[in-house]
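Enquirer: Dropping the structure in here first, questions after.
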């Protein structure tokens, strides 16, 4: 093929290439999140894939890495959700036993008196809750909940084929990115008009942010969630440990933290008579749970992946708004791309020194391997050699 194009032909080819890339992005827009999740998984499990390739061929190494990734994610999450479901069933049974042994009419009268007493204390509020109004409200809530569950089950059954299709696509994309990562890296560097050095900078920043988000946000959130659930259990509330662990972990992933649950819960325990337990929950959250982030973040999050707290908060919520739950990862990655672009602009046009890459930490081998020709008493190689 003759590649000696004229200047006009080169410009036309560049425009056609840009149009093709934009059309490809538009064509695959419905699978953008799926591709990003597969790319994140492939990046995180690349060290394990390299370890397998030293012992097996490429195909077997990719299969072992895929199975390891599924086991590392599906098994713990499935076990935790299963335990939470068991605890929910036990709580439902305990509530049913309580209903059978409690005079609901007397309890309902006490609740109505309490609510009406609270309304009477509020100025300019003339509301009286009656048993009929409460009954109608409960019927309306039950109908709405039933309709929501019906729509949820209908959508879940209808999307089963879509879930299977997405899972198959994820496996293929994950394996393809895992095996062809170096080719893809070279291709991105060749297509980027800014050059391969800037491409390496972008990829390094993105990789650091992915590792920082997964290792930092998720691991720290899991530690904070378990710590918060443990404090509630120790304080005397022995129902729903795993439920609290899941809820507090999910809240800790979002920068608001699990304090929006544990602090009101501790205050409620104080008002209901468990003063020592409530104070323990509050102090545990303020002294232990909040400091888990301060202790683990410098260890788990790379320095070049740390954003300003305001930018991190905005990127997480903007990502959740645009991409759903996966926006917790995608949002900070997009924000680090914006920040890196500004840094490159300042370095090129304003002469601001660009931040250099961090040297990777030295990995110490506690049991170093010796080759067959290596001896403990062998002299070191000379400079002349």
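Just so you know, glycine gets a Cβ as well, placed from its N, Cα and C.
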Enquirer: Pick from 116-136, 137-157, 263-283: which range has transmembrane segment per Swiss-Prot?
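Expert: Swiss-Prot lists transmembrane segment for residues 263-283.
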Enquirer: In Swiss-Prot, which of 241-261, 346-366 is tagged transmembrane segment?
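Expert: Among 241-261, 346-366, the range Swiss-Prot annotates as transmembrane segment is 241-261.
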Enquirer: May I ask for the residues of the chain that lie six or more residues beyond the transmembrane segment (241-261) and have a Cβ under 8 Å from a Cβ within it?
Expert: 80-81, 83-84, 87-88, 217-218, 220-222, 224-226, 228-230, 232-233, 285, 289-290, 309, 312-313, 316-317, 320, 328
Enquirer: Below 8 angstroms Cβ to Cβ, which residues of this chain, lying six or more residues outside the transmembrane segment (66-86), approach it?
Expert: 41, 45, 48, 171, 174-175, 178, 240, 242-243, 245-246
Enquirer: Counting only residues 6 or more past its boundaries, what in the same chain has a CB within less than 8 Å of a CB in the transmembrane segment (159-179)?
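Expert: Same-chain contacts beyond the flanks: 31, 34-35, 37-39, 41-42, 45-46, 49, 58, 62, 65-66, 69.
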Enquirer: Within the same chain, where does the transmembrane segment (263-283) have neighbours whose Cβ lies under 8 angstroms from its own Cβ atoms, ignoring anything closer than 6 residues to its ends? I mean 6 or more beyond.
Expert: 231-232, 234-237
Enquirer: Same chain, outside the transmembrane segment (7-27) by at least 6, Cβ under 8 Å from its Cβ: which residues?
Expert: 191
Enquirer: Grab the same-chain neighbours of the transmembrane segment (32-52) for me: Cβ-Cβ under 8 Å, and only residues 6 or more beyond its ends, written as numbers and ranges.
Expert: 60-62, 64-65, 68-69, 166, 169-170, 173-174, 177-178, 181, 207, 210-211, 214, 323-324, 326, 329-330
